[in-house]
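First up is the structure itself, then whatever we jot down about it.
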Amino acid sequence: MTSLLAAEVAKRRTFAIISHPDAGKTTITEKVLLFGQAIQTAGTVKGRGSNQHAKSDWMEMEKQRGISITTSVMQFPYHDCLVNLLDTPGHEDFSEDTYRTLTAVDCCLMVIDAAKGVEDRTRKLMEVTRLRDTPILTFMNKLDRDIRDPMELLDEVENELKIGCAPITWPIGCGKLFKGVYHLYKDETYLYQSGKGHTIQEVRIVKGLNNPDLDAAVGEDLAQQLRDELELVKGASNEFDKELFLAGEITPVFFGTALGNFGVDHMLDGLVEWAPAPMPRQTDTRTVEASEDKFTGFVFKIQANMDPKHRDRVAFMRVVSGKYEKGMKLRQVRTAKDVVISDALTFMAGDRSHVEEAYPGDILGLHNHGTIQIGDTFTQGEMMKFTGIPNFAPELFRRIRLKDPLKQKQLLKGLVQLSEEGAVQVFRPISNNDLIVGAVGVLQFDVVVARLKSEYNVEAVYESVNVATARWVECADAKKFEEFKRKNESQLALDGGDNLAYIATSMVNLRLAQERYPDVQFHQTREH
């Protein structure tokens, strides 16, 4: 390994933000970029009525709904590091891409609305990070509002998400009385001054917990309350331990308000100091270290129509090892074909720029006219496939029906291509000619209907179907599997890649099937 490669690897940090809708993820994303000086006027995410669209809104439908469906990638410098932030759609309208993006990062930032605590979507996303024990940092947001008791919030995270909390900063007051935060490890208090939009206020720092200046700055009552709470915190919570953090067992917790531009930098300081540089990854034959000289990478997401003027698709590839250089020849392992990549892109939400070189942890965009699939591995010749980029069992299902029955062939072609791209999953029941599509977020269905029309000239509508969940099935005992298939034919379907799946009408129905056929494995995820 060259020393240049080692230095580039060491300074990269690649992370994503997980949160429930409206916990402030979009604001945090902007403020993170602001502190990294990537967006000069943060606050480009405006109310639904305004025409100044957020930096990461591409497709028409996003513009209509004021949400970011697309998982964009933003790179910015911070201190001596280069940080890659992968945006994860956070609205009710999120998709399987959100889950898969979490497989491409080395660390996650969990944003929690401190007035509400742990919410449903956060739980789901945390489950996905558990597949790889991804390290988690936590930001308790909206301290400029009235929040729940901070100790209660920590307890809730520990009990519900099964991860220990190690507070790094601690709030002084909240809402109208919010005065700032105390840093437990630096023994410093940062006094809150609201910075709105893109002004970052100079923050006044008071050294020492027992400094009389602290009482003068925040008032004696709040200063005493802080000292009392810290006694309790030190007794009741975890100390920060980097090893446990890297193992995904404890999360450092920061308090602040993204809207007020306060506290985000404390979290970023923690991120660049503690989060891992690009990590090794498993393939089906061996482990690949980031420091290896030979280039490797995998595709975790494909996005259609990022440029309204061009009907192209862009495949997002995470660089795992080596160095990408413009014009290099790479092998697409699935097809065993060599391709010259001369026009890879990097992204600063919405603006594409062509890249000359990229290192482990970076995300490249590859132009793709339907030849790249999710989970594809690219190498400099070695035949191996990265694992851990799964399909997730859909949670919502619809039947797709054609307005013109003669277009069945185009419909099937379109749906299979969209499923290879990860836009939706398609299931073809064995016992009838229905086409069932499965998704993780409601918006995926609208996207599919819109794309079938614009890209495949197929007019389709979707309607409800009596399906609650799906599981991929396999069984080591061929005879028992045949019996299972014979007796459950009406509930079996093939997915877009011709893998067999069990389509359950209810969770009870699924549990009964699992009890009745203990030798059959019902999988919630499936490797690409």
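Cβ atoms here come from the backbone N, Cα and C positions, even for glycine.
The GTP binding site feature in Swiss-Prot is assigned to 19-26, 87-91, 141-144. Sequence-distant contacts of L143 (GTP binding site), defined by Cβ-Cβ distance under 8 angstroms and a gap of at least six in the same chain, are A114, P171, C174, F178, V181, Y192, F255, G256, T257, G260, F262, G263.
Look at Swiss-Prot and you will find 10-279 tagged as domain 'tr-type G'.
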- With every protein chain in view, how many other Cβ atoms are within 10 Å of the Cβ of S19 (GTP binding site)? 24
- T88 (GTP binding site), Cβ-centred 10 Å count of other Cβ atoms over all protein chains shown, is 25
